[in-house]
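For reference, the structure discussed in these notes is given below.
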Amino acid sequence: MGAIISRWKTKPSTVELLESLDKDIKDLEEFRAKNQRLLKLWVGRLLFYSSALYLLTCLCVYYLYFPQQWGARLITALPLLAFPALVLLLRKMLIFLFSKRTERNNDKLEDLKTQKRKILEEVMETETYKNAKLILERFDPESKKKAEAEATPVRPHMTPRPGQELRQRHIAMATPGPVLGPMSPGTTPLRTAPGGPPEKGLAGSASTPAGASQAETPQQMMRRSMNPYSPGPGSGMRPPGPPLARPILPRERGAVDRVIEYLVGDGPQNRYALICQQCFSHNGMALKEEFEFVAFRCAYCYFMNPARKTRPQAPRLPEFSFERRLRSESPETQSSAATETPEDSDAPEDDMERTTSADPQNPAADEAPVLQESETEESQPQDVPHAEAEALEEQKKEDESN
């Protein structure tokens, strides 16, 4: 009879089993959270009420029942000293009881989770793809996300080195240029970027022989379209043209670099980005002082970005050269020396001979003619032009009178 009744009972499906397991797991998780809240509540109440009772008892004993003898005082103070130890013991007992309940709850929770994991593995092996997908979406969304993340390939993040370009662009022709003459089948067209030098074809016609076919077959095009992660024909090439106007600072900086930047007053927060006005590309960063006066050529579209302001120039100072002054004074001295007669030049020598013969033992007498000679030599170049001017004026007066 029991066998017949057992046959009539239907076996629960996997969905029903998973639903019951989910319900039990949620109940256990709620019980664990509730248990932790109760532990905090009971411990807090114990400490609060025990401390309040302890203070009231101490006050009552001190003012009402505190005896005068020291022996009686010690006996009365013993319960007051033992009460804090009793409260700490009760606190440890509460923590121990609640921790035991939490451990039992965690054991049951782990058992239910292992049962659920086994059922899900059986579902993935036995059920169809559609049913398995629905069950996983409903009862195990985390494993589904992990499976999708493992299925989709992740491209490695390439960090550029200091000497490499951060990004590489291949700018297509935005407007059709002028129509050129018919080209030979062996040559490749040139692409010109706005504002910069022409860019060679990506296929590299110089490296391929003249008879080789440069057009891709339809099968190669289909393979490239099916694989989105395959590199393009010119992805490994460096775009021609000038480098960046200013170096781009590294994004990952250490503590020492930040301290140095703070002391020096340099860093990304103290710089402005150089953005191209045509293609809006990042061309490095410039200091605040030179940002308004920097003119740069874009490294991607080769457009010349003019400076926002012109740097003010200070007025030019007059040049002073000591050599020019000496050169300007030298013709006057030469002309004055040429006008001197040989008699005048020999006169100081005769005076020196006379003074030395007259007083040979007096050094002061020897120095005096020398000083007089130097004074006469300095005064002669100034007196000679004045005498010439007077002679010319007298000659003019005589001519007018005649």
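Backbone N, Cα and C define each Cβ position, glycine as well.
Quantities reported herein were computed from a predicted structural model and do not represent experimental measurements.
Positions annotated as topological domain 'Cytoplasmic' by Swiss-Prot, on the basis of similarity to another entry: 1-45, 99-402. Here Swiss-Prot flags 46-66, 78-98 as transmembrane segment. Annotation comment: Swiss-Prot describes 67-77 as topological domain 'Lumenal'. If you look up Swiss-Prot, you'll see 205-222 marked as compositional bias 'Polar residues'. What Swiss-Prot lists as zinc finger is 276-301. The annotation compositional bias 'Basic and acidic residues' is assigned in Swiss-Prot to 321-330, 385-402. Taken from Swiss-Prot, the feature compositional bias 'Acidic residues' covers 341-352.
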Between 0 and 100, where does the mean pLDDT of the topological domain 'Lumenal' (67-77) sit? 84
Where else in the chain does the topological domain 'Lumenal' (67-77) make close Cβ contacts, counting only residues six or more beyond its ends and a cut-off under 8 Å? 61
Is it possible to list how many residues within the topological domain 'Lumenal' (67-77) are helical, extended or coil according to DSSP? 8 helix, 0 strand, 3 coil
